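Enquirer: Residues or ranges marked as active site, proton acceptor by Swiss-Prot on the basis of sequence analysis: D8. Marked as active site, proton donor by Swiss-Prot on the basis of sequence analysis: D131.
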Amino acid sequence: MLLIPAIDLKDGQCVRLKQGEMDDATVFSEDPAAMARHWIKQGARRLHLVDLNGAFAGKPKNGGAIRAITDEVGDDIPVQLGGGIRDLDTIEHYLDNGISYVIIGTAAVKNPGFLHDACGAFPGHIIVGLDAKDGKVAVDGWSKMTGHDVVDLAKKFEDYGVEAVIYTDIGRDGMLSGVNIEATVRLARALRIPVIASGGIASLTDIEALCAVEDEGIMGAITGRAIYEGTLDLSAAQSRADALRAPGGAA
């Protein structure tokens, strides 16, 4: 189980939003590259970046901060990035500049043909991000609900060739209210590709609960507010996850 620290970028700073509200942001660092370095020292093996301005504007907005992070981590740590990715040129630019995986969210739901083309052009580098509440997919920075069932849509995108699905329970993200294990497992069981859980992780208990269902197809978990506010120690949590995965690991 990979624990993946989230670095959410707004106006060049590392912030956290509560339930996706841009005007409810807490600034945790004015130096995102230093934050990336910190999480790697704590044992992170992958980083999750979100261009929040880009997600709302529909085009990249934090290029300087993103490049500073990829320069900092080099080729050693895979970096996945989402937010404002709406065309193939943007994907190519990011992949050419140190990003390992590009996350397509709203654009995949609104324009499935774009996701299909992206998977064909950049095989192995496209992750789809599905944000859902009560099993239904949300788009546009969570501001609009759709009628799409998250499992049905994920299965369709799996057939396109996406590398993984990031599943965010938007009723829980940034609220430290615990992971929606049932919904995450339901999705993972329906797919052949890995699922990365997101939203609601508050403590080591949540990590242990995810590790217990890891074999259902859950490869990792994105954590944000918990590691920034100190309710979860990233290093201890990754060590615990590794121990549970080891042969004979205690439950």
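Glycine residues also receive a Cβ, built from the backbone N, Cα and C atoms like all the rest.
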Enquirer: Rounded to an integer, what is the Cα-Cα distance in Å between the residue listed as 'active site, proton donor' and D8 (active site, proton acceptor)?
Expert: 16
Enquirer: What are the sequence-distant neighbours of D8 (active site, proton acceptor), meaning same chain, six or more residues apart, C-beta distance under 8 angstroms?
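Expert: In sequence order, the residues whose Cβ lies under 8 Å from that of D8 (active site, proton acceptor) (at least 6 apart) are C14, V15, R16, L17, L49, V50, L52, G224.
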Enquirer: So, in DSSP terms, is D8 (active site, proton acceptor) helix, strand, or coil?
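Expert: The residue in question, D8 (active site, proton acceptor), is strand (DSSP, three-state).
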